[in-house]
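Before any comments, here is the structure.
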Amino acid sequence: MTDKKYIIALDQGTTSSRAVLLDHNANVVEIAQREFTQIYPRAGWVEHNPMEIWATQSSTLNEVVAKAGITSDEIAAIGITNQRETTIVWEKSTGTPVYNAIVWQCRRTADITDKLKADGHEEYIRNTTGLVVDPYFSGTKVKWILDNVEGAREKAERGELLFGTVDTWLVWKLTQGRVHVTDYTNASRTMLFNIHTKQWDDKMLEILNIPRSMLPEVRNSSEIYGQTNIGGKGGVRIPVAGIAGDQQAALYGHLCVHAGQAKNTYGTGCFMLLHTGNKAITSKNGLLTTIACNAKGEPEYALEGSVFIAGASIQWLRDELKIVHDSFDSEYFAQKVTDSNGVYVVPAFTGLGAPYWDPYARGAIFGLSRGANRNHIVRATLESIAYQTRDVLEAMQSDSGERLQYLRVDGGATNNNFLMQFQADILDVNVERPVVKEVTALGAAYLAGLATGFWKDLDELRDKARVERTFSPDSDNEKRERRYKGWKKAVKRSLEWAKEDEE
């Protein structure tokens with residue numbers, strides 16, 4: 001226990017930087033948020049300005065302290081959570097970035113990943129890093145910068161450049177260039193890290209021609225990395241003490257720290273993580289093997305899967321079909337009918353991800369009869385989010401042999417009670433929605449608070465991780481399996497839809 005009263009979580013996201021101030025009971029006291037510029041130099045390319053990331057993030061830090069009317073000596077520690085994979089390379093001596101940050105969504109390195117596949121590296125990468133070969137991850141982005149920015153490779157080979165994901169950049173800036181670190185969760189997203197030995201992988205560095213001197217030191221997610229001054233020179237020195245990538249921070253914020261515990265974040269898509277304890281499981285279903293935290297913030301493992309289209313399908317009902325005026329209306333229409341009247345919506349607008357991995361699948365509505373109306377289509381669209389979640393969780397359970405204990409949930413769509421109840425019904429497990437919705441920030445705050453003694457241990461936090469509502473499954477097993485079988489049939493018919501057109 002400490003006389004300090006607050007923890008600050010810096011939540012550096014893809015579209016905005018936020019600072020969240022939490023008290024000793026893990027309540028959100030104040031939030032400051034600033035959006036920053038999305039840069040699209042060409043189709044499929046996405047960049048951020050690293051100096052703007054830092055400017056927005058540091059200003060929210062000062063702003064949240066000012067808004068709450070507190071002094072900086074009341075702050076115990078700062079924790080950081082961040083958009084993962086986004087890649088920054090800067091000069092060691094000046095701290096000046098040599099290029100914009102290349103964002104996780106950016107597809108510019110597709111030709112590099114194609115070559116990795118053609119050269120037969122796919123299996124090695126999967127077995128060593130836990131990842132699939134895709135432009136999403138940091139390694140090929142670093143290579144692109146070294147190959148395409150004038151003078152960058154020569155400087156890197158002389159030891160003059162540093163690489164970091166966004167967490168590393170923020171810690172570097174917060175500590176005035178004294179500390180160059182990352183944590184295990186972020187390192188596991190680079191495609192340069194051996195998740196079994198927990199070391200940077202020499203063979204991957206050789207394949208991508210990246211000098212080892214650029215890489216940060218990898219540390220636990222809960223420890224003191226350095227100090228920062230709030231309010232410039234002569235200000236109070238505050239420990240920077242927790243780091244985790246956004247999805248792993250959310251897993252920790254839900255207190256999912258043991259094998260068999262899982263969370264799903266419902267946003268535009270869904271991000272699911274299932275904790276697998278000290279076992280790194282190689283998926284047979286195209287899921288990622290990634291590093292997550294145990295109770296002490298030390299590295300253990302998780303399986304990660306994502307659904308491409310979740311909340312985006314409700315936006316489609318609103319913006320394209322115009323059958324709901326507002327996303328919130330979807331619950332009202334869905335509950336006007338007792339079932340979907342045999343209608344299934346497969347929202348494969350951009351293909352299907354895990355466990356199907358079919359880029360040629362396309363969206364479809366099946367089972368329409370003359371009696372099908374707006375309510376049935378809205379309901380079937382919401383149901384598709386729950387069905388896709390079951391698809392991924394079944395793949396996770398078959399890979400891991402872990403039986404899901406319960407599902408913790410966060411993200412915008414969790415406010416939809418119909419969807420949460422249907423999710424519980426179709427999974428046959430309890431779905432738990434927390435009181436504090438800022439779960440990602442909570443995870444970073446917990447990691448920082450435990451490192452500095454603000455909280456004693458995770459048991460102290462369990463009382464604070466309050467569940468706002470538990471959705472318990474309907475016990476009708478026959479109905480559950482009949483509905484899911486219908487979904488599988490609908491998916492099967494939407495697969496490879498666009499393929500014939502290209503032949």
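Positions of Cβ are set from backbone N, Cα and C atoms, glycine also.
Among the features that Swiss-Prot reports, ATP binding site is placed at T14, T15, S16, T268, G311, Q315, G412, with the record citing sequence analysis. The ADP binding site feature in Swiss-Prot is assigned to T14, R18, T268, G311, G412, N416; the stated evidence is sequence analysis. Residues or ranges marked as sn-glycerol 3-phosphate binding site by Swiss-Prot: T14, R84, E85, Y136, D246. Residues or ranges marked as glycerol binding site by Swiss-Prot on the basis of sequence analysis: R84, E85, Y136, D246, Q247. For 468-489, the entry in Swiss-Prot reads region 'Disordered'. Taken from Swiss-Prot, the feature compositional bias 'Basic and acidic residues' applies to 468-481.
Mapped onto this structure are the features recorded in Swiss-Prot.
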{"residue": "T14", "record": "ATP binding site", "DSSP class": "coil"}
{"residue": "R84", "record": "sn-glycerol 3-phosphate binding site", "DSSP class": "coil"}
{"residue": "Y136", "record": "sn-glycerol 3-phosphate binding site", "DSSP class": "coil"}
{"residue": "D246", "record": "sn-glycerol 3-phosphate binding site", "DSSP class": "helix"}
{"residue": "G311", "record": "ATP binding site", "DSSP class": "helix"}
{"residue": "N416", "record": "ADP binding site", "DSSP class": "coil"}
Nearest of the binding-site residues (T15, R84, E85, T268, G311) to N416 (ADP binding site) - Cα to Cα | G311
Compute the mean position of the Cβ atoms of R84, E85, Y136, D246, Q247, which form the recorded glycerol site, and then list in sequence order the other residues of that chain whose Cβ is within 8 Å of it.
-> Q83, T86, W104, R189, G245
Here the binding-site residues are S16, R18, E85, and the Cα closest to that of Q247 (glycerol binding site) is found at E85
Would you mind reading off the Cα separation of Y136 (sn-glycerol 3-phosphate binding site) from T14 (ATP binding site), to the nearest angstrom?
-> 14
Name the one residue among E85, D246, T268, G311, Q315 whose Cα is closest in three-dimensional space to that of R18 (ADP binding site); these are the binding-site residues.
-> D246
Which three-state DSSP class does T268 (ATP binding site) fall into?
-> coil
How does the compositional bias 'Basic and acidic residues' (468-481) divide up by DSSP, counting helix, then strand, then coil residues?
-> 5 helix, 4 strand, 5 coil
Chain-internal residues, separated by at least six, CB under 8 A from T14 (ATP binding site) | Q83, T86, V103, W104, Q105
Given T15 (ATP binding site) and R84 (sn-glycerol 3-phosphate binding site), what distance in Å do their CA atoms have, once rounded to a whole number?
-> 13
